[in-house]
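Asks: This structure is in structure tokens; I'll ask about it shortly.
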């Protein structure tokens, strides 16, 4: 990888996919199913074991440091539970490695000659001491590379002590079996990386194995798997507790709601009873008022009827009296008019007679006779 590519990868890892406004890279989000969740958590076996004897090649899913940066930023705000997917991936990988280890052990058991249980225990002790020496030497080399020389010297002193124990264990193992059988190379399968280890391997060979990338990569994968299991268990326990707490709160709210509902029902019932009482009181009051008003109206009607009958009788009497008086006046006026007519007629006749003189005596006499 060139220096420019390394700088670009470093910027992607620090700033994410949106560091330079590249829209094509933003089309794939870190939540996409095509993205490797183990890569986001920095525990993908394809990355860890790259360049070793068990190189797995490229992962079938997307690996992008910028997406890992996006995930780290988003995981600070909310929990995405990608640990579960990564744990499933690592468990399947470790299960496959353990299966290969068991097959290698069976193959060794078939090829190597059988030894007694006592001799096998002594050989196992020699193997364990070899592993301790190899691990200590690898650690001492790592501390020396980091510049921590004092700690590296202390570990080398511990290596010398373990070598002395190993020498004693080898003597016990040599004395417990024939020399011809002791000279044969006794192999053992590494429980971590399923590689073959020899009983008579020198310290350099052991240091190279236990300090090699393959063995350390498997250690990293297994440690990461244990860490993920603990994290998932804690999160599941926390989620269960939250779910239980929410259920208890909901049940408490329901109980309080039932109590408050019963209290509210009692309160509503009491209010309804009070309203009914008020309504009945108001209705009875209105009925009393209406009855009193009806009695008042009836009394007033009776009084008006009595006063009306009296006034009608009075008006009828006055009308009768007035009619009688008017009829008498009419009668007198008619009599007066008749007398006046008679007087006028008689006066007109006298004037006529006076004008005519005595030329018509017979006619006047006949008229008087007719009147009589």
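Please read every residue number as a count from 1 along the shown chain.
In case you wondered, yes, glycine gets a Cβ from its N, Cα and C as well.
The coiled coil annotation in TrEMBL covers 94-172. Annotation source TrEMBL lists compositional bias 'Basic and acidic residues' at 232-257, 329-355, 362-372. Residues or ranges marked as compositional bias 'Basic residues' by TrEMBL: 265-328. Among the features that TrEMBL reports, region 'Disordered' is placed at 232-372.
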Asks: Determine which residues of the chain contact the compositional bias 'Basic and acidic residues' (232-257) at the Cβ level, with the cut-off under 8 Å and only residues 6 or more beyond its ends counted.
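Replies: Beyond its ends, the compositional bias 'Basic and acidic residues' (232-257) has Cβ neighbours at 79, 81, 83-84, 87.
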Asks: What counts of helix, strand and coil residues does DSSP assign across the compositional bias 'Basic and acidic residues' (232-257)?
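Replies: Computed counts for the compositional bias 'Basic and acidic residues' (232-257) are 26 helix, 0 strand, 0 coil.
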